Amino acid sequence: MITANSFERTIGGRKLVIESGKLARLADAAITIRYADTELLVTLCSAKKPREGVDFLPLTIDYEERMYAAGKIPGGFIRREGRPSEQAILAGRLTDRPLRPLLPKEWRNDLQIIITVIASDKENDADIWGVVGASTVLAMSEIPYEGPVGASRIGYINGEFVLNPTFAQLESSQLDLVVVSTRKAVVMIEAGSKEIPEDIMINAIEFAHKANQELIDLQDEIRAKLGKEKLPVPVLEIPEEVKTAVAAFVKGRVNEALSHQDKTARENAVEGLQAELVAALSETFAEGDILAAYDKEIKKAIRSTILEKDIRVNGRGIKQLRQLDAETGLLPRVHGSALFTRGDTQVMAITTLGSLQESQQLDGLSAEDTKRFMLHYNFAPFSTGEVKRSGSPGRREIGHGALAERALVPVLPTPEEFPYTIRLVADVVGSSGSTSMGSVCSSSLSLMDAGVPVKKAVAGISIGLITGENDTYCTITDIEGIEDNYGDMDFKVAGTRDGITAIQVDMKVKGISFDIIRDAIYQAKEARYNILDVMDKALAQPKTELSPYAPRMYKINIDPSKIGSVIGSGGKTIRSIIEQTNTTVDIENDGTVVIGATDEASAKKAIKIIEDLTKDIEAGSIYTGKVTRIMTFGAFVEILPGKEGMVHISELADHRVEKVEDIVKVGDDITVKVIEIDNQGRVNLSHRVILNPNAVPISRNRDSQPRRPGPFRPSDRSNS
């Protein structure tokens with residue numbers, strides 16, 4: 001048996017075990033990390049040589065879910081794992097975002113961390129353990145790394161914080177918060193919440209940071225025993241003579257180029273100055289060094305103006321929002337639409353409503369099987385005036401869409417209140433920063449324009465950060481793209497007037513203090529109120545009527561014991577209803593039936609069929625049915641779907657009838673009255689009392705009158 005190094009802790013009342021040396025022994029570093037009965041294999045491999053022609057850290061983090069982990073066989077034709085699920089992509093981003101700032105920017109060797117979920121107890125989410133596992137293999141490896149980090153999930157249930165809540169606990173939690181932090185600072189925050197107040201959110205982040213310390217202690221213990229000697233950080237210095245020459249050439253001109261409020265004018269001015277600079281110095285210095293030095297001059301100009309003058313490069317104040325505009329009812333025919341504009345950033349959001357049958361089917365390790373609310377974010381290259389490949393959404397688009405989706409979920413009506421599947425598409429048509437928060441604003445308005453009865457409007461804002469010497473800093477409201485590029489943080493907060501619904505924090509520095517976190521959260525609250533004021537002017541309440549082009553959903557309730565009658569053998573009956581009426585039919589286990597139709601007549605037709613299928617035949621009631629069979633003694637009539645009664649020959653007319661066929665034939669419609677339901681549940685009908693209401697129906701025993709002729713027996717001849 002292969003021996004392994006094993007390290008244990010008890011975290012949140014469950015056992016955490018990290019082992020190394022048993023699996024993936026050819027990787028540069030590898031561990032398994034198990035929390036309760038959820039287990040992941042985490043590996044790190046690094047290229048031996050730097051990659052040529054790159055000016056960034058080539059880090060790739062792949063998060064892979066194995067369906068066997070939960071005892072499942074993958075769906076689809078080939079029955080094997082294919083492209084990562086949306087949840088897997090988000091889990092990969094959750095790991096990448098906090099680790100990247102802690103690795104040297106100068107590192108050019110390819111790094112690949114693969115996180116594979118190999119066991120899932122369906123109670124504990126694996127995503128945060130991917131973060132802890134990735135941090136552990138980096139700490140063990142020879143890669144320079146300013147970690148380790150701890151990652152904790154925090155719930156808020158009945159006024160108490162819960163460390164690493166289970167899926168079941170999250171159902172009743174007001175908060176789903178993930179915090180990643182080093183020993184001293186927070187490096188990543190991600191949260192979804194049900195309008196949590198700002199002070200509770202800050203306390204939850206502090207609670208998580210304290211919980212992370214035990215995970216950091218554990219990784220330090222592993223590193224002390226198994227860690228390799230770290231490689232030196234590569235030195236990528238710009239020659240001093242280049243920096244001096246560039247600074248002298250652009251002195252005073254960089255601030256002038258950056259001062260344009262219009263994004264296009266600003267970019268043209270910056271690029272024009274760059275072209276002049278390269279033309280003047282390229283014969284003396286390498287172009288790459290010139291461009292790197294110029295980039296540093298731009299960064300210095302942006303940051304110094306903010307820190308020293310409290311003014312941003314385009315003249316805006318530290319807390320000043322860009323020009324805002326909101327519009328609804330933008331497009332014809334669609335179910336709901338809105339456009340939200342913030343400076344040069346524009347997001348158009350379209351709402352489409354469908355039946356619950358159109359919910360997304362999830363094939364992954366998440367606790368949910370279906371999803372009735374989807375927000376899809378698209379970022380077209382024309383939004384930045386560029387020519388790029390346009391294709392399927394990447395990780396960034398999926399992440400931005402998930403954030404906006406998370407921000408809106410707390411205000412959505414329940415399926416019982418609004419039995420629709422809701423799809424939102426947020427199309428970015430102009431981008432100068434903060435498109436994800438623009439998507440929240442436009443999507444909130446689009447839902448209201450579609451008549452979705454959301455509880456409140458939701459707005460989002462990004463808060464940036466500029467840090468200086470001696471722990472000085474400045475938080476800035478509503479960052480533009482250039483401030484995001486050259487700043488230190490993107491602190492996104494979405495919420496209503498009553499609290500926070502989502503947070504996502506990314507940073508380029510190696511962590512932020514709680515003073516910065518508090519300033520950012522309260523600064524975002526002030527800005528959010530101002531944005532909601534503008535949104536309210538466009539549309540303050542959801543429309544009371546749906547679009548005439550949206551499907552209508554009608555809800556009825558049936559006896560749960562009659563569900564089988566509606567579905568039929570192998571679904572035959574319900575398929576027939578859908579085909580006959582051109583509707584959709586969803587049935588819940590409690591007997592709730594939701595019928596979706598494009599017109600009222602189709603819905604009413606489907607409702608009548610379902611009600612007839614589940615209705616009990618009552619004595620004295622009158623029905624119009626169809627003749628299904630004819631016997632010598634009478635006719636059988638289907639008076640409700642699948643339910644027959646018999647009209648005796650003497651009850652077919654108000655005169656003597658010689659042959660049943662003289663009055664009715666198979667397929668004829670006939671109105672009858674239920675005159676008796678005998679002790680065996682058989683239904684006797686009369687057409688005679690319909691023709692003559694004063695006629696008295698005859699009660700008869702049908703035991704001697706079988707529904708179908710019986711087989712010939714010798715005794716029949718002797719009785720004749």
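Glycine is no exception: its Cβ is also placed from the backbone N, Cα and C atoms.
Database features, via Swiss-Prot:
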- D484, D490: Mg(2+) binding site (BINDING)
- 551-610: domain 'KH' (DOMAIN)
- 620-688: domain 'S1 motif' (DOMAIN)
- 697-720: region 'Disordered' (REGION)
Arithmetic mean of per-residue pLDDT over the domain 'S1 motif' (620-688): 92
Tally of DSSP helical, extended and coil residues in the domain 'S1 motif' (620-688): 7 helix, 36 strand, 26 coil
DSSP-derived class (H/G/I helix, E/B strand, else coil) of D490 (Mg(2+) binding site): strand
Secondary structure composition of the domain 'KH' (551-610) [DSSP: H/G/I, E/B, coil]: 32 helix, 16 strand, 12 coil
